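Taken straight from TrEMBL:
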DOMAIN    325-418  domain 'Transglutaminase-like'
ACT_SITE  C333  active site
ACT_SITE  H392  active site
ACT_SITE  D415  active site
BINDING   N455, D457, E504, E509  Ca(2+) binding site
Amino acid sequence: MAEPKAPLPATETMATTRVRPQVSIRGRSVGPIASSNAVGEEVPEFEPFMLLPRGPPPLTDYLDVWDVNMLKEPEEVNKQQHHTDRYANEGLIVRRGQEFQISITFNRPHDPSKDQFALEFVIGATPQYSKGTYIPVFPSEERNKLWGGRVLDTSDNVLTMGILPRADCIVGKYGMYVAVVTPYGIRRTKKDPSRELYILFNPWSFFPDDSVYLEDGAERTECVLNELGIIYHGAYDDVSERSWNYGQFEFGILDACLFIMDKGALPITNRGDPVKIARKASAMINSKDDEGVLVGNWSGDYMYGVAPTSWTGSVEILLSYANGGDPVCYAQCWVYAAVFNTFLRCLGIPARVVTNFFSAHDNDGNLKTDILLDENGKVDRSRTRDSIWNYHCWNECYMARLDLPEGFGGWQVVDATPQETSDGMYRCGPASVYAIKHGMVCYPFDAPFVFAEVNSDVVFYQRSRDGTLTPVKVNTSHVGRLVLTKAPGSNGRSDITSMYKFPEGSAEERTVLEKAEEYGVRRQDVTPPVADVALDIPSLEVKVGAGFDLALDFRNSSGQRRTVEAYTNGYVVYYTGVPSAEILFQSPTVTLDPRAGDAERKVIKVRPEDYMGKLVEQANLHFITTGKVKETGQIVTAMRVITLHKPRLLVQVAGTPRVSEEMLVTVQFTNDFKFSLENVHVRVEGPGVMSPHNKLYRLIAPGTTISWTESFIPRRQGPSKLMASLDCHALRQVTGEVDVHIEN
């Protein structure tokens, strides 16, 4: 997907550039299905009850609307009570299932005995009462059928109404009119963009119950209101992290999220269902089928866009897409997950980014990753096609699953990274985490695929000269080793592995695998011979540009001497596990004494020049050692992924940390390497304090320091963070950050 495509033959080019024939709905339906929140129908200002004489009817004696106050300022009651005061949006933003207020000023005091009026809320084209896209709300509670309405206060000519949207109403942008009934017809206020309002999901709404209601207050605050994220990557035993600006409250982001649903042609009537929204968005965040938000690229060539490792937040990506409608270049799994997280949180669906370390990509559904060895026990790279991602990021969103039996609601996996098609499109989920843990993979959507990502076995096969494959070792605990997400209310990690799987080797785990097989997951039982020699490669923390000692620890549990003829291969790999270049091959022979208490250690030296100049993306090195026991013919194996640690950016701020007062941020970096860095992109941003800024340095020579100072004016009080990245072809994903607390 990410590789540049070769030129097509002339005939194929012609075939792919044909104009798609126009498809008409004529004869199939009365009109097109409303699927755009941006398109609204003009509501007539006057709707007569009967034929009238020429000229305007005499309406001066009847109730007339002078002003409508939406109470939409951040400090006013609506945004305060609905937790929407942080949105950088001048419109009224409220949450469904919770009352909000509107004040109307009439030409005279309202008299309930003779004055009739209603507030009319409309969304999309051709609004209809039966579809929930046209909702009249009356001041008398007994007349309201869809939404609740009541008079809260009257003072002279001003009447304040409370409106209660249904907890399952459509989420999006509504138009609002005040309609007054006269003997001649209905007189409405003019269409006015200042009277439009956004209605979002409501995780605070317990009664009436919104399907995204989340009881845990700390998780709710984290997964809806927190703009600052931490994304985990690296290796399970050497976890790295980087901050991310989700920026769900930034200017233009809410409209960008509605634009994504419009671009995906999600019917307006489906936009009250978080399951349908999440599933559609999992397809729309990637560009594979439908010109969605992000173009994936794992090739290392990012000439025509921004390197995935360079992004520091979602804001720049979403605004770019919403402004032009063209997919943004480029993304990898954590970028897809982070942008998807912004989309979900912005609409009010609780969401978090999850990292699965050693994630299997099981495209044939057999829960097995195969590694082939030759007859001497050496890895046969030419025939080994499967790979395991060092890590993979996806999202969890919290919602009831009314389409599934009771108990399968709660956290759901959704994944926008285009890996496999689901119902013909590159999307994944929502899949119930509870269903995945318990092997109930029959329930939609895409549970078997996610189940395989955390439960596959790694099987080593020895290939004989006649092509026969014999299983010689199975590692059942390598895949899905660790599942992490950010802990609520802190910068710590939350280990949620136990939400996805039972302990390795437990009776519950065996039961789950059997259950998954009952529901169609194919799994081959492989039982290799038990080996009496064990091999391990201890973990290491290594900086980029440093040499290190790779240790191989052999143990002999038998009562006899053993001789192991081993092969160690080292590769520079992409984080997807795909090798880029071989950097090391050694074939040590080790003699082991019977039942030795201590391990016999063989040390292999890795020099900087072995891998520098060959590194890709996130500087991952993969070492795999296999060996054959001379006396028994048994095979021993061990694998180790080492993520080289990058230097950090120094980020500092100066000035008074106060709203609307100018401050300065300085990003500093010293090139301590022996080579120059060319075409270096530096980015910095922070939610509520600084919009995304970037700067290009053509050359940073060895031993030199760059220092970039930029001014910014904080827009919002409270804690925030400035995040910076430095990225170039020779050095990816260098980051830094600084915390700030802005006073009012």
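Just so it is clear, glycine is given a Cβ too, placed from its N, Cα and C backbone atoms.
A count of other CB atoms within 10 A of each Cβ picks out D457 as the most crowded of the binding-site residues D457, E504, E509. Closest to E504 (Ca(2+) binding site) by Cα-Cα distance, out of the active-site residues C333, H392, D415, is H392.
Separation of the C-alpha atoms of H392 (active site) and E509 (Ca(2+) binding site): 22 Å, rounded to the nearest whole number.
Residues T476, S477, V479, G480, K501, G505, L513 surround the recorded Ca(2+) site, their Cβ atoms falling within 8 Å of the Cβ centroid of N455, D457, E504, E509, which are themselves excluded. Under DSSP, residues within the domain 'Transglutaminase-like' (325-418) fall into helix, strand and coil as 15 helix, 39 strand, 40 coil. Cα proximity to C333 (active site) (within 10 Å) is found for the following recorded positions from D415, N455, D457, E509: D415. Counting in whole angstrom, N455 (Ca(2+) binding site) lies 17 from D415 (active site) by their C-alpha atoms. Sequence-distant neighbours of D415 (active site) (same chain, 6+ residues apart, CB-CB distance under 8 A): S282, Y336, A337, W394, N395, R427, C428, G429, V450. The Cβ of H392 (active site) has 26 other Cβ atoms within 10 Å, all protein chains considered. Cβ neighbour count for N455 (Ca(2+) binding site) (all protein chains, 10 Å cutoff from its Cβ): 24. Note on C333 (active site): other Cβ atoms within 10 Å of its Cβ, all shown chains, come to 28. In the three-state DSSP reading, E509 (Ca(2+) binding site) counts as helix.
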